[in-house]
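Copied from TrEMBL, the annotated features are:
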- 5-23: transmembrane segment (TRANSMEM)
- 29-50: transmembrane segment (TRANSMEM)
- 62-81: transmembrane segment (TRANSMEM)
- 87-108: transmembrane segment (TRANSMEM)
- 128-153: transmembrane segment (TRANSMEM)
- 173-191: transmembrane segment (TRANSMEM)
- 198-216: transmembrane segment (TRANSMEM)
- 205-356: domain 'O-antigen ligase-related' (DOMAIN)
- 222-240: transmembrane segment (TRANSMEM)
- 247-265: transmembrane segment (TRANSMEM)
- 340-365: transmembrane segment (TRANSMEM)
- 385-409: transmembrane segment (TRANSMEM)
Amino acid sequence: MNSIIYNLFLLAIFFQLIPNVNIFGTNHLFFTTNFFSLSIIILLGIYLFSKPNSNSKLKPRYEILLVLIFLATQAISFINALNIQAFILIFISLSAGVLIFFISKLILNEDEKNVYDVKLQRLNTVVIFACIVNIIFQSLLLVYPDLIIPFIRQYLSFNLSEVIFLHFSKNKLYTNFSVELILPLLFVFIINHKGLKLKLFSFFLLIIIFTLSFLSNFRYRILGYFFAFFSSIFLYWNSVKNIHKHIFIYGIFSIIVVSIISSIFNSKTVINRFTDIEEYQKYSTIQFRLHMYTIAFELGSSNLFGVGLGNMYDYLQKKTLNEISNNPTNYALTGGAHNIFFQTFAETGLIGLLSLVILIIFWLLKDIRTLNIATGRNKVYIPMFWTLIVISQFISSYNTTFYIFFFLLRGLI
């Protein structure tokens, strides 16, 4: 029975990390991989919490308490919500993430050392495989758009396909899951596995992910890549320095070559976001974001409990909404302030922001202690989590995939 439960857990994670697919090719909320994953998560939560002494496995207690306080501060913002539907959808996604946090602690019992290691290996494999699916999808969209676009229209959820097409019209490769997050796992494969084929395949993925990040035309993706890359080198410096130095030199050289080739044969890369003055003046998302940060600060300052999850744009003045709708690039930002702290402050107020900041500080101190443990088996998830934090300063966190992976990583560390 435990094996079945864990397999369902892995299946739910996999379906969350891949693009949200309409299972029967119909645009219906209840027949998508995302909804199927949420259903599994809820059923797993009910089953695991119904078992005797399940609460005793949820440790440390003060971490559990901080997570529950954070969830409560997000829930209380309901009192100011104008758009109830938006609040409910986002709160369900957030609650699913918190539930994954608890489920991971219940399923991955660290006392069962041998079984625990095997479970982590299987989980890492599932995450890598889900990222490969995303890599193939993005590669096809980049190289053979005529082949993949009909599939997107027919089989991906309407909301996801609309965002993909909006960004693609601006020469951007959108993804609801940042594949850059798996770089630390690839480093572990390169360092710990003896097979040459797996090492070479991991390096191949490093290069492919860099190419996609570079050609995505998203600044946050290339930033996330470099943060994950160099934080992984820092974490595994002794292994990198003494065992695989020649391989890493080859990998870095390959990445440099790929970046040069990409800039030559593709007219739109992340570099153009900085060098093309006309592009900057016409579609300056930086200026717009700064404007939205100001608005978010004003909303959060005037409401102790915020304006409600997902309700930031319901409080904006008509003039600001017109500015958004008249600029397609800015319209893509309507998922929120595109900064986890400003967004939290605007929609859940000072109370919500404080609970998030306290939780982040607690995790920072916990991770520092974990890094000082020589035999820590969960170290690989630390750079993954903090890469996600870096990325969350530039994207909207309002999707289930973000919350699931955010709290999954914390449950593993």
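The backbone N, Cα and C atoms fix where each Cβ goes, glycine too.
TrEMBL does not curate its annotations; it predicts them automatically.
Residues belonging to the domain 'O-antigen ligase-related' (205-356) score a mean pLDDT of 74 in the model. Long-range contacts of the transmembrane segment (62-81) within the same chain, counting only residues at least 6 positions beyond its ends with a Cβ under 8 Å from a Cβ of the stretch, are 87, 91, 94-95, 98, 101-102, 303, 305-311, 347-349, 351-352, 354-356, 358-359, 362, 366, 407, 410. Long-range Cβ contacts of the transmembrane segment (340-365) within its own chain (Cβ-Cβ under 8 Å, at least 6 residues beyond either end) map to 62-63, 66-67, 69-70, 72-74, 76-77, 292-293, 295-297, 299-300, 303-312, 385, 389, 392-393, 396-398, 410, 413. Taking pairs at least six residues apart, the transmembrane segment (128-153) and the transmembrane segment (87-108) share fewer than three Cβ pairs below 8 Å and do not count as touching. Listed as Cβ neighbours of the transmembrane segment (5-23) (distance under 8 Å, sequence separation of 6 or more from its ends, same chain) are residues 31-34, 36-38, 40-41, 43-44, 47-48, 100, 103-104, 107, 119, 122-123, 126-127, 129-131, 133-134, 137, 154-157, 160, 175-177, 400-401, 404-405, 408. Only sequence-distant pairs (6 or more apart) were considered; of these, at least three Cβ pairs between the transmembrane segment (173-191) and the transmembrane segment (222-240) are under 8 A, so the stretches are in contact. Counting Cβ pairs closer than 8 Å and at least 6 residues apart in sequence, the transmembrane segment (87-108) and the transmembrane segment (198-216) reach fewer than three and form no contact. Where the transmembrane segment (222-240) meets the stretches 29-50, 198-216, 385-409, the count of C-beta pairs under 8 angstroms peaks at 385-409. Same-chain residues lying 6+ beyond the ends of the transmembrane segment (385-409) with a Cβ under 8 Å from its Cβ atoms: 13, 16-17, 34, 37-38, 41, 67, 90, 93-94, 96-98, 100-101, 104, 176-178, 180-181, 183-184, 219-221, 223-224, 227-228, 231, 289, 310, 333, 335-341, 343, 360, 363, 367.
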